[in-house]
Amino acid sequence: MKLRFISSALAAALFAATGSYAAVVDGGTIHFEGELVNAACSVNTDSADQVVTLGQYRTDIFNAVGNTSALIPFTIQLNDCDPVVAANAAVAFSGQADAINDNLLAIASSTNTTTATGVGIEILDNTSAILKPDGNSFSTNQNLIPGTNVLHFSARYKGTGTSASAGQANADATFIMRYE
């Protein structure tokens, strides 16, 4: 009986010893990003990095300079606004300007697919004012209220010639905020 108990205890100790072995290996790196701002509002995370889908259009729509696609709305949300710090907010966009019409964003060359030609992307504010992508053309000021504020914009394709060619028609722009 005593031998059986010792054998059972020894077996249990061996199982416990093998089950407690742990290996420590490198798992990777996590990069945390953020920013503290001394401003009237903070830009909502979803607004800081967004995709505006302009859609798919036939090339024959752009058979004259200035022809446009449908306006596609998008917003920039501001959080934790304090109108005592600043009463108004405005936005300016910056990106590669179209070579023919510098009021438009240039269509970026695509490495894996064909790039569309004959159009650029026009950005407008909530008053339909065109926002040149130069980082200096600010939207109309919007009065800030305490808390959350939503700034409204729209974008569309605009013809730069008398014809367009099919392909990807993408562009990137950054934006800056001005508080007054």
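From the backbone N, Cα and C atoms, a Cβ is placed for every residue, glycine too.
Quantities reported herein were computed from a predicted structural model and do not represent experimental measurements.
What Swiss-Prot says about this protein:
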| type | residues | note |
| --- | --- | --- |
| DISULFID | Cys41-Cys81 | disulfide bond |
| SIGNAL | 1-22 | signal peptide |
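Sequence-distant neighbours of Cys81 (disulfide bond) (same chain, six or more apart, CB under 8 Å from its CB) are Ala40, Cys41, Ala89, Leu144, Ile145, Pro146, Gly147, Thr148, Asn149, listed in sequence order.
When other Cβ atoms within 10 Å of the Cβ of Cys41 (disulfide bond) are tallied across all protein chains shown, the result is 23.
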